[in-house]
Amino acid sequence: MMTLGDLLAQLPDAVQAGRIEKTQEVKSITYDSRQVTDGSVFICLRGAKTDGHDYVPQACQQGAIAVIIEKDVEVPAGVAKIKVSDTRTAMQGIVPSFFGFPGRKLRMIGVTGTNGKTTTTYLLRDILTRAGYRVGVIGTIQTLIGDRVLPVKNTTPDVVELQGILAEMVACHMDYVVMEVSSHALALNRVAGCEFDVGIFTNMTQDHLDFHGNFDNYLEAKARLFSLVSDPAASKGRKTAVVNLDDPAAKRILQSAKCATLTYGVKAATADLQALQVDVRASGVSFTVHGTAGDIELALPITGLFNVYNVLGAVGAALAEGIEPQVIKAALEDFKSVPGRFELINAGQPFSIIVDYAHTPDGLENILKTAQQIAKRRIIVVFGCGGDRDRTKRPIMGRLAVEYGDVVIATSDNPRTEDPAAILAEIEVGIKEKLMEGKLYEKIADRRQAIKRALELAQADDIVIIAGKGHETYQILKDKTIHFDDRETAVEFVKELM
Ligand SMILES: CC(=O)N[C@H]1[C@@H](OP(=O)(O)OP(=O)(O)OC[C@H]2O[C@@H](n3ccc(=O)[nH]c3=O)[C@H](O)[C@@H]2O)O[C@H](CO)[C@@H](O)[C@@H]1O[C@H](C)C(=O)N[C@@H](C)C(=O)N[C@H](CCC(=O)O)C(=O)O
Ligand SMILES: Nc1ncnc2c1ncn2[C@@H]1O[C@H](COP(=O)(O)OP(=O)(O)OP(=O)(O)O)[C@@H](O)[C@H]1O
Ligand SMILES: N[C@H](CCC[C@H](N)C(=O)O)C(=O)O
Ligand SMILES: [Mg+2]
């Protein structure tokens, strides 16, 4: 149990006002007034959209016993006012201790990189589970506590939710947590209180420049995970940085890793683990993981060279954690797939339909390259770019779609507050640069109609790739979020058209 006195002891520089009853129990801590209940401490954060200080009256009405603030606000009698210079830092200081430092009681594996995080966490989950451990997963699709599924809002939740989830994982006797660590989470320090034992770096290509401003800041954010892995204050035993040596950013990442390192690659012959004899087929990939401890021959039902990298990262982390090669092999050969990642949709149509979460230039290029490697006939691409996100990705993705695709249908992803036509116009700039004879390009803002059109155009042996939304079951429009699932939509139209 934490009292208001315990909480204040952790904020020695705070200015206190109002009624401070030090023995009062802090029943919960939240930065969202809508979550405040009797006994809550409400932390006011200045956000991108609104300012938490504006919700103090609502929080007090709902039973807050204290508010943590940066600027003076009125509070009713009986509520403590705790003024600090930075409420976000204060939150990061008190929340892990409120939850009893769960990050110290689990082995924590963090995965960062532009692409491949979700896939890598799923691969590792299967390996660790096969080795007999109880495993929790935190990431884009969902939170898993063993087999229990919890919904998520962000890939890496903010410190309050994150520490709460970790505490729940400890209560449920998990041994490991494998989590995606987004660059937003590192830049905003949502991971305060996480004591990482292993960090995996997948790759670094363009994304999120709207948030980070430039590539260097983005890279610095990613590198931060490896300073956290190396933090001597957080010692639970061996620490390892598992790094993709084929990526040009590996050097910078390795500079932050003041712990054991394990590198991997397909090209880099100096990597500790190297994939040899890679064979990419429609039904999956096979290759040999060559390392100092011997070779592991693998055949998995997921395909694409990019997935070879994801597997190498997962294998590296597993080996660093002392998992036996034969356990790794058995787990990976039984691996099924990740929802919405190169997911094959089969409703009896004579062509292939693949739903994939590629929403970055590199993701799209990888998926289209893979499609080219396995294509018997044309590639039909349906894709869009998210609104209120890095705009500079748009023309690049347009260019790539038309470079690799024979038929390109540009459509909406999640337009959010932007005008779908304006997003499409930015994509079109790239498309027009590379559009050539023999290629077909259409622009259909309504994603349902775009998918329908692609399926109408598809002929036997074509591959239809529907990219960008993968596992998502919604579409975020200006004024509402609607149910939308690329997989369901594809099946629906195949049935209608065939
Ligand atoms: C830009 C960004 O990261 N925003 C995150 C941020 O929201 P914000 O600071 O903008 O919040 P705000 O809406 O302005 O509100 C300010 C404060 O007022 C409070 N408030 C607001 C309304 C109210 O009625 N009462 C109230 O108390 C809010 O709780 C908040 O404390 O803090 C929220 C809580 O932690 C996050 O959910 C939210 O993520 C939004 C949903 C988001 O879209 N984030 C994306 C960009 C993101 O974080 N993505 C990464 C990377 C994904 C990947 O590529 O893998 C991720 O980890 O998900
Ligand atoms: N190692 C990789 N390199 C490049 N592209 C990849 C790689 N792995 C997956 N992809 C592509 O990126 C998409 C997203 O993969 P995944 O969900 O594993 O990445 P992520 O890093 O978790 O993404 P997010 O940042 O949205 O959470 C895939 O659908 C695929 O198109
Ligand atoms: N985690 C990524 C997901 C993008 C998915 C895409 N469908 C979009 O909405 O842009 C982001 O928040 O940028
Ligand atoms: Mg993810």
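The backbone N, Cα and C atoms fix where each Cβ goes, glycine too.
Going by TrEMBL, these are the annotated features:
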BINDING   Gly113, Thr114, Asn115, Gly116, Lys117, Thr118, Thr119  ATP binding site
BINDING   Arg389, Asp413, Asn414, Pro415, Arg416, Gly468, Glu472  meso-2,6-diaminopimelate binding site
DOMAIN    111-318  domain 'Mur ligase central'
DOMAIN    340-470  domain 'Mur ligase C-terminal'
MOTIF     413-416  motif 'Meso-diaminopimelate recognition motif'
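Looking at Gly113, Pro415, Gly468, the binding-site residues in this record, the fewest other C-beta atoms within 10 angstroms of the C-beta turn up around Pro415. Closest in space to Asn115 (ATP binding site), of the binding-site residues given as Arg389, Asn414, Pro415, Gly468, Glu472, is Gly468, taking the CA atom of each residue.
Across the motif 'Meso-diaminopimelate recognition motif' (413-416), DSSP helix (H, G, I), strand (E, B) and coil residues number 0 helix, 0 strand, 4 coil.
Relative to Pro415 (meso-2,6-diaminopimelate binding site), the binding-site residues Gly113, Thr114, Gly116 all have Cα atoms farther than 10 Å away. Not one of the binding-site residues Gly113, Asn115, Gly116, Thr118, Arg416 has a CB under 6 Å from ligand 3. Between the two most distant C-alpha atoms of the annotated meso-2,6-diaminopimelate binders (Arg389, Asp413, Asn414, Pro415, Arg416, Gly468, Glu472) there are 17 Å.
Broken down by DSSP into helix, strand and coil, the domain 'Mur ligase C-terminal' (340-470) contains 52 helix, 25 strand, 54 coil. Neighbour count (other Cβ atoms within 10 Å of the Cβ, all protein chains): 25 for Asn115 (ATP binding site). Counting other Cβ atoms within 10 Å of each Cβ, the binding-site residues Lys117, Arg389, Arg416 show the lowest value at Arg416.
With a CB cut-off of under 6 A applied against ligand 2, the binding-site residues Gly116, Thr118, Thr119, Asn414 are reduced to Gly116, Thr118, Thr119. Scoring each of the binding-site residues (Thr118, Thr119, Asn414) by how many neighbouring Cβ atoms lie within 10 Å, the top position goes to Thr119. Secondary structure at Thr118 (ATP binding site), as computed by DSSP, is helix. Shown are the binding-site residues Gly116, Asp413, Glu472; the one with the most C-beta atoms within 10 angstroms of its own C-beta is Gly116. Taking a Cβ cut-off of under 6 Å from any atom of ligand 4, the binding-site residues Gly116, Lys117, Thr118, Asn414 reduce to Lys117, Thr118.
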